[in-house]
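Feature annotations, reproduced from TrEMBL:
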- 66, 69, 71, 73, 75, 87: Ca(2+) 1 binding site (BINDING)
- 162: substrate binding site (BINDING)
- 192: heme b binding site (BINDING)
- 193, 240, 243, 248: Ca(2+) 2 binding site (BINDING)
- 34-114: disulfide bond (DISULFID)
- 67-72: disulfide bond (DISULFID)
- 120-316: disulfide bond (DISULFID)
- 199-225: disulfide bond (DISULFID)
- 24-320: domain 'Plant heme peroxidase family profile' (DOMAIN)
- 1-23: signal peptide (SIGNAL)
């Protein structure tokens with residue numbers, strides 16, 4: 001009982017903190033200091049996604065992985081440096097996170113337009129939104145004014161990012177620790193309507209969860225994901241095999257047919273408390289879009305530093 005009460009108090013504190021931070025962030029933060037910032041980011045994202053559709057999912061994932069590790073401070077972009085090992089080589093990120101060069105390009109353009117003004121953390125937040133829109137998803141007003149962190153943590157990345165092997169209860173707990181509700185978790189999981197997953201992250205489901213995995217999907221996956229560990233670990237398959245490069249609600253429709261690629265995906269429709277919301281999203285894309293945009297704004301406020309804290313990095317890969 002005590003631990004439950006502690007978790008409830010901790011979650012409540014996070015919610016209050018997020019609300020306070022949200023009040024400090026604003027959608028017009030750069031209107032005077034860098035009026036072309038949003039246009040520069042949008043143009044670069046559209047070009048990158050046009051060149052490679054998968055990049056949209058990669059940029060969305062960068063923002064998620066940034067916010068879940070010590071808040072939305074751009075720490076996921078930092079290379080290893082004296083004093084810390086960064087997050088790029090953490091187990092959930094190694095050989096997996098992509099899009100760093102796109103962020104570098106955006107940052108260079110912004111430095112030319114308005115030197116030392118737009119933070120890397122804000123670039124990630126806006127690029128995530130623009131990636132979703134570029135692939136047919138909803139738009140939302142991104143709150144801005146995050147400051148960049150100066151350090152990163154390999155251990156925190158290994159511990160805080162939800163693993164693809166988590167059961168529903170642990171998924172809910174992992175998101176709750178960040179001030180996000182079960183509804184937020186189910187909506188944000190819909191980001192898996194785009195993107196790819198590595199064989200190493202779904203091999204266990206493919207060969208051990210045959211009763212909850214569509215047989216035809218399993219057959220199509222096995223040639224690229226052999227059962228032997230180390231064989232084809234980095235081979236990828238789409239998280240949404242129906243419309244891999246369109247941001248829609250087919251992710252949830254797939255779950256109703258036992259076509260979730262990851263164990264954690266299928267947990268959203270497995271006879272548990274997430275079933276009703278998953279079914280609702282499968283039949284009502286507008287509802288999914290509404291909840292997704294709300295959850296993205298909420299996630300974008302996790303652990304944010306504003307005002308004179310942190311810094312505006314000139315190079316997103318290293319502290320000033």
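Just so you know, glycine gets a Cβ as well, placed from its N, Cα and C.
Listed in sequence order, 239, 240, 243, 246, 247, 248, 249, 250, 251 are the same-chain residues at least 6 apart in sequence whose CB falls under 8 Å from the CB of residue 193 (Ca(2+) 2 binding site). For residue 34 (disulfide bond), the same-chain residues 6+ apart in sequence whose C-beta sits under 8 angstroms from its C-beta are 110, 113, 114, 117, 118. Distances between the Cα of residue 120 (disulfide bond) and those of the binding-site residues 71, 75, 87, 192 are shortest for 75.
Of the chain residues outside the Ca(2+) 2 site list 193, 240, 243, 248, 194, 242, 244, 246, 247, 249, 250, 251 have their Cβ within 8 Å of the site's Cβ mean position. Proximity to residue 225 (disulfide bond), judged by a C-alpha distance within 10 Å, picks out none of the recorded positions 72, 73, 75, 87, 162. When other Cβ atoms within 10 Å of the Cβ of residue 243 (Ca(2+) 2 binding site) are tallied across all protein chains shown, the result is 18. Between the listed binding-site residues, namely 87, 240, 248, the fewest other CB atoms within 10 angstroms of a CB are found at 248.
Comparing the binding-site residues 66, 73 by how many other C-beta atoms lie within 10 angstroms of each C-beta, the top residue is 66.
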